[in-house]
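Taken verbatim from TrEMBL:
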| type | residues | note |
| --- | --- | --- |
| ACT_SITE | Asp247 | active site |
| BINDING | His13, His15, Lys99, Asp247 | Zn(2+) 1 binding site |
| BINDING | His15, Leu16, Arg17, Asn41, His136, Leu219, His251, Ala263 | substrate binding site |
| BINDING | Lys99, His136, His174 | Zn(2+) 2 binding site |
| DOMAIN | 11-310 | domain 'Amidohydrolase-related' |
| MOD_RES | Lys99 | N6-carboxylysine |
Amino acid sequence: MDAITLTRPDDWHLHLRDGQALEAVVGHTAAQMGRAIIMPNLTPPITTTEQAVAYHQRILDALPTGSRFEPLMTLYLTDTTPPEEVERALKSGIVKAFKLYPAGATTNSDSGVTDLKHCDATITALAEAGMPLLMHGEVTDSDIDIFDREAVFIERVLTPLLARHPTLKVVFEHITTQQAAEFVAQAPDNVAATITAHHLLFNRNKMLVGGIRPHYYCLPILKREQHRQALLKAATSGSGKFFLGTDSAPHAQSAKESSCGCAGAYTAPAAIELYAMAFEEAGALAALEGFASLNGPRFYGLPTNAETITLVRRPQTLPEGYPYAGGESIIPLLAGESLEWSLS
Ligand SMILES: NC(=O)N[C@@H](CC(=O)O)C(=O)O
Ligand SMILES: [Zn+2]
Ligand SMILES: [Zn+2]
């Protein structure tokens with residue numbers, strides 16, 4: 001196959017940041033995706049509908065002229081988010097989900113939830129409203145190895161949560177393990193997952209063999225090959241529970257290439273090309289449209305995009321970097337390397 005036409009995809013997990021950084025990155029996603037679920041982990045985080053409405057407008061203002069890209073907003077759940085916020089979110093028409101960050105689990109998660117027992121009334125309201133709870137699914141206990149934090153989250157947090165709220169719509173975001181893929185596959189239809197392109201393409205060797213490569217450092221951290229294979233199997237299985245979420249997470253070059261580098265891989269500029277590379281490796285290009293363009297809208301109860309995009313087998317070399325905020329550069333994953341597919 002030398003060309004594939006797909007319904008225009010959406011990105012169900014994206015970081016756009018704010019200010020100059022937002023202006024630097026939003027065009028990359030808007031050139032490919034119809035819509036994206038926008039993460040609320042700004043500093044300070046987007047915890048109210050009012051803040052989300054203002055952030056939504058800043059994103060629209062930063063878009064290239066003529067772009068029809070639609071940002072779908074999320075609210076950052078805290079220990080003190082009131083149940084009434086769910087009603088306000090629903091009424092806004094632009095907030096599509098709430099996001100659970102266990103406190104301390106990842107970038108800008110300091111205001112996250114310390115214990116889900118504080119959030120029971122708000123989660124009940126979410127379940128009743130049919131509004132999804134998205135989660136960064138890792139425990140933060142210092143005695144749990146960083147490579148095990150996602151699997152332990154399933155036992156300690158997700159399973160008890162679903163036992164208390166069996167109808168809650170849950171998206172287990174950016175899953176990275178066989179345990180998570182198998183858990184979601186066997187769960188009821190109200191449980192789904194997003195998978196990033198980098199977790200489909202790379203195992204932890206890519207980050208650690210022959211030198212430490214900070215642009216491959218993201219959370220949840222890349223895992224061993226067995227897990228990558230399980231993710232590929234899930235993404236290409238045809239199951240409607242798995243869909244595209246890049247977790248494209250921009251950080252300035254100096255913040256990544258540092259003695260204490262930030263977590264996050266910047267994949268937005270060639271997101272769909274990276275997914276095509278992964279699906280082709282699995283011999284499953286025919287399953288790409290379901291994963292990238294159909295399963296997400298179905299789970300969120302939204303229409304699929306009316307437009308299409310076409311990928312062609314024409315090599316492209318990714319730039320070494322792009323301009324970013326504060327006169328810095330941002331380095332995309334696979335900077336300077338050649339990709340097999342291009343958007344026509
Ligand atoms: N994925 C990451 O490594 N980083 C994300 C946060 C997140 O999605 O966990 C970020 O905001 O930089
Ligand atoms: Zn996360
Ligand atoms: Zn993320």
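Glycine is no exception: its Cβ is also placed from the backbone N, Cα and C atoms.
The Cα atom of His13 (Zn(2+) 1 binding site) lies nearest to that of Asp247, taking the recorded positions Asn41, Leu219, Asp247, His251, Ala263 as the candidates.
Closeness to ligand 3 is met by Asp247, these being the recorded positions among Leu16, His136, Leu219, Asp247, Ala263 whose Cβ falls under 6 Å from the molecule. Filtering His13, His15, Leu16, Arg17, Asp247 by Cβ distance to ligand 1 (under 6 A) retains the following recorded positions: His15, Asp247.
Relative to His136 (substrate binding site), the recorded positions with Cα atoms inside 10 Å are His174, the candidates having been His15, His174, Asp247.
With every protein chain in view, the residue among the binding-site residues Leu16, Leu219, Ala263 whose Cβ has the most Cβ partners within 10 Å turns out to be Leu16. Among the binding-site residues Asn41, Lys99, His174, Ala263, the ones whose Cα sits within 10 Å of the Cα of the residue listed as 'active site' are His174. A C-beta separation below 8 Å, combined with a sequence spacing of at least six in one chain, links Arg17 (substrate binding site) to Val25, Leu42, Pro250, Ala325. A Cβ distance below 6 Å to any atom of ligand 2 is met, among the binding-site residues Arg17, His136, His251, Ala263, by His136.
Sequence-distant contacts of His15 (Zn(2+) 1 binding site), defined as residues of its own chain at least six apart whose C-beta falls under 8 angstroms from its C-beta, comprise Ile38, Met39, Asn41, Asp247, Ser248, Ala249, Pro250, Gly264.
All protein chains shown were included, and the count of other CB atoms within 10 Å of the CB of His136 (substrate binding site) stands at 24.
His251 (substrate binding site) is surrounded by 27 other CB atoms, counting those within 10 A of its CB over all protein chains shown. Cα of Leu16 (substrate binding site) to Cα of His174 (Zn(2+) 2 binding site): a distance of 16 Å.
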